[in-house]
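Taken from TrEMBL as is:
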type	residues	note
COMPBIAS	249-263	compositional bias 'Pro residues'
COMPBIAS	302-311	compositional bias 'Polar residues'
COMPBIAS	313-329	compositional bias 'Low complexity'
DOMAIN	15-145	domain 'Response regulatory'
MOD_RES	ASP75	4-aspartylphosphate
REGION	245-268	region 'Disordered'
REGION	281-329	region 'Disordered'
Amino acid sequence: MTSRSADVFFTRPLQLALISDDAVFRGGLRLWLEQFPEFRVGIESGSGEDAPLLIRTRLDTGTSQGETVDLVLLDLELGRTNPARVQGLALCQQLRAMFPQIPVLVLGSTAEPILVDAVRRAGAQGFCLKGAEPGAIAKCLRQVAAGEPYWMASSGLAGGGATAARGPVLSRRVSQASYLKRTLRQSGLEQIDQAIALITAQLRSRRLSFLQRQVLLGRRRELRAARWIVLRMLATPELLETISEPSLPTVPTPPDAVPPDPVPSLSIPATPAAIREATPTGIARPASSSRPGRPQPASGASAGQSVSEGNRPTALAATPQPALTTATAQASREMRAVLFNRVLATLEGNLDNLTDLPLETDILRSDRKRELFGLVLRKLDDLLDDLRVAEVPEQRLSDMQPQLLADLWQATTVEFFGRYRTLALSGQEVEIAPYLLADQAIVQADILSKIPLFSDLLAHLLVQAPLVIDGVPYAAGNPEAVRRAGLLLSHTMIQIANAVVQPLLNRFADVEDIKQSFYDRRLLSSRGIERFRNDLSWRYRMQRYFAEPKDIFESQYRLFVLRLRGIEQESIYAPRRDELEQLSGLPYAVTLALETRDAIAPRLRSVISVLGSGVIYVLTEVIGRGIGLIGRGIIKGVNNVVQDGRYDRQERRYGRSRGR
């Protein structure tokens, strides 16, 4: 141990500050710590507002008596139930800024990689699960108090200081056992994915009977369950832990400090192997792909000047606005890197569409789909840089949303297909990009205008504006805000990718060069392509006239979310009263039909229930008894006939015996 650890553990008890708004957890942890003579809870606080003052008071008054604060135990869920209070991550940053000499250990209920990475970036020296073994918690306290970082993963394994200093987690040298598990996992997942793809292709056939379709659906569910089990049973530390490199503690910089360099541009590789080289602030862009002419923030009067015309969105304003504080800008960059790295990690998994709705990207090969998703993230990162440099006010982002999405779509389309790429059509060389960009109005109406809450996501990533979730604003860094921002980012990425592919299907769907370069092998035939386009067309009609009015009436958005197992759908609540009042025609009739059903259905069910009970009573008590009586009469009559026949036979036998 270090010299500090010797002083702490051998000369006096370790003085702890316990901060949690959960009184039960706080009391239980204090009682558990009292059984160790080396630990002593000197400060106990139930709110983030009082904790800094209590620590400052103890440091000022307790130094002469030998009482200080050696370690802060902070509950990550602090303020989670009340977004108006100080949040756990925000308090961690505040404590590190006010008391840089005191290490902070964060206690959480789950070791989700993005949360652990956010804790690192907030400046904490360690993370430990609340439900960990007592011995592990005690070891964690000693190690962090001694100045060595301690990071507990979801598997319960922790990394010390040496481990934390070795760079990105995914670039560590794995053991032979981990290598074997990873090899088996990859081989098994490939076989399962091939089987799922084969069944999915079979399900597209219209000749299947109902029974055959149900059997195939059952097999696909079993394969997906097997895939989930393989991912968990053969998981390695590289799969369980975060993909980001542990960063040094970050504390807010004084206002007079020199502004830091802009966040590095995000360059998304097309292969999972390249994705694993991620750094905390994104993935370093190769020199060949850097964007020349990008303006850098300047000091003084030039800080608010506009960006160059070749690199800024067309809707950006050049009006200078008050610059963000250095601390806010740094925190925004770190939160942005965490979210982008989280979405990057999902690109290593399965990219299949697991929803019942066809998507334009379903026609692409897996490598092309991964490349397109990564390119969208990089262009979105470029857009955020341009907005930050132009100092666009938060209030304008909502009005600029259509143009910003169009700029993002244009930039992605041009780079994905190539600005000067040509096709040979009817003996002429035709450039692809101008034809694809000519469909902007169609793409805007069908896809881009339907992307929800994009301006809220930009404001959250640029200036750490709170995200409103179920009517409650959640501050940046709150676990709920982090999760919601991840959903919005993933949905935006998928929808922009769909918007890039849609003009290609409209104009060059059956061109052989395009099919060989981009399409999945299962959809190379002209019939398969036309069937796929018809499915997409039918989906948009159903969505426009039925699904979207239903979502508006139910105050929800359906988001496409990319997870390790594939693309799924998730619904979120959002008020949509203004859209509801603007509905007309068939969509409005759909909402009226839903309202009528909601009004009539409960009463109709009650009436049907009463009528059903009456019918059951009539059938059982009246008709049933009548039938029973009839049956009983028939049985009795048959019995009488049998008895009479038997009596006649006996009489005849008796008469013959007397005649003899």
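Cβ coordinates come from backbone N, Cα and C, glycine included.
Bear in mind that the values here come from a model prediction, so they are computed numbers and not experimental data.
Per-residue pLDDT, averaged over the domain 'Response regulatory' (15-145), rounds to 83.
If you draw a 10 Å sphere around the CB of the residue listed as '4-aspartylphosphate', it holds 24 other CB atoms from the protein chains shown.
DSSP assigns the residue listed as '4-aspartylphosphate' to a strand segment in the three-state reduction.
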